[in-house]
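Notes for the one structure printed next.
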């Protein structure tokens, strides 16, 4: 019998007990929640908005559908999906982190996004929804923080309706070698400094850089989605592979 307490995983470059990672990730996002949107704009030079727009365009979401914005944070995707599904549809903004969920709720209500949005604190590995609930699931810059990614992908598959699709927007592996080296230098030297100056938290942004490097590359994540049951899985490299959008279907 396997001793669960001895199972390990990665927290950035650290090896930690699996049971500890969720709390460590929670601490990171409790710390950065209030500066999350500002830091996203600064870190990506605003390009994250284009990546998210492309995700929306690839989602195929239309009026009357039900969408799960998983690890939805401050609600960038939820705001757009809310308009697409209209009054007859529904968007569930789910996040494991209470601070991020609170920021998302406040932000969306302040811009008038109400009525067809629900907020749920949920763990991606054990989603609290019935089978075959959602037409579309998105997880944007969240999967790399999940302890058991395979379990989370199976959970997402379960709650998708037949014909539904999952879109995973996540940092990935640059496909141009000179860019990869420059990206490493930026991630490990510049990002922590920005985090220190703006959010007074260099360590959380050092974890961000490390977690990106430990995340599966494009083809590995594609295979993981297929192993979870998804079909017709493909991916798009964005900004030369700095970010990738994976899409898979449940048939």
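The first residue you see is number 1, and the count goes up from there.
Cβ from N, Cα, C; glycine included.
Listed in sequence order, the residues of the same chain lying 6 or more apart from residue 124 (S-adenosyl-L-methionine binding site) and placing their CB within less than 8 Å of its CB are 70, 71, 96, 139, 142, 143, 146, 152, 155, 156. Under the DSSP three-state reduction, residue 124 (S-adenosyl-L-methionine binding site) is assigned to helix. Taken from Swiss-Prot, the feature S-adenosyl-L-methionine binding site applies to 74, 95, 123, 124, 140, supported by sequence analysis.
Sequence-distant contacts (6 or more apart, same chain, Cβ under 8 Å) of residue 123 (S-adenosyl-L-methionine binding site) comprise 22, 96.
When Cβ atoms from all protein chains are considered, those within 10 Å of residue 95 (S-adenosyl-L-methionine binding site) total 28, not counting its own.
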